[in-house]
């Protein structure tokens, strides 16, 4: 089996991202003294990004793209986008829980600072990979390399963050309107994830209807649903008339991480973010001429 090594900016960017993510989780495990569940999440983000990038490099190094069970026009950039978002979340969460108000030994703090720095570098490297790999105007590429495809990745990731915030503790069982918001998050996440899987598995041609029309119709539906959730969630959580609290409780200032009120705010902001993402998705989907390989 021949080894194919073509030096390119994309290859060097992937190698840099792999090294940065490896250093981030290695240093954190070695001397970070992680004691909270969020530490496990950060380790997963860095380790998953490292392992996936190593897999992509090896497949291309040995020229196994044609034997891969997934679409190689869609998989590498999809993974790079997820890795960028994972490392970005770790770069925010890790210092929030392990550097903010840290009273541990200086050596432990130094290890945590190093992990944070390399996590930020990994985020930049993965963003650079996405920028290099994305489709240019007039270029024939896989759907996931286009703006709507990358937006699908961001939409599903934001939805996952919402699920984390609303599940511990459960924040949506107080009123039927909040349960409706939760159903919106779930429905849109499932459909967006299904679209990503169809593209990576090259199964879009198996659908009984035109894939491009389905994308536009779904984007319109998601915009309407998220617009309603973006309006309803704050009303039933922060309006005193509906049992909400508009002022931040005093105990939130001394809480480690985010208190319940902070999580409610975070879900409201993320709902608005996903609404904007789906709106941009709709605009791009109506203009994009999708060329299937």
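In case you wondered, yes, glycine gets a Cβ from its N, Cα and C as well.
Looking at 12-29, 246-263, the range tied to transmembrane segment in TrEMBL is 12-29. In this chain, the transmembrane segment (12-29) touches the transmembrane segment (111-128); three or more CB pairs sit within less than 8 A of each other, excluding pairs fewer than 6 residues apart. Each residue in the domain 'MARVEL' (5-138) has a pLDDT score, and their mean in this model is 88. If you count C-beta pairs under 8 angstroms between the transmembrane segment (12-29) and each of 41-63, 75-99, 177-200, 264-284, the highest count goes to 41-63. Residues 14, 17, 21, 24, 28, 32, 34, 36, 38-39, 41-42, 44-46, 48-49, 52-53, 56, 68, 109, 112-113, 115-116, 119-120, 122-123, 126-127, 129-130, 133-134, 142, 144-145, 149-150, 153-154, 157, 161, 196, 199-200, 256-257 of the same chain lie 6 or more positions beyond the ends of the transmembrane segment (75-99) yet place their CB under 8 Å from a CB of it.
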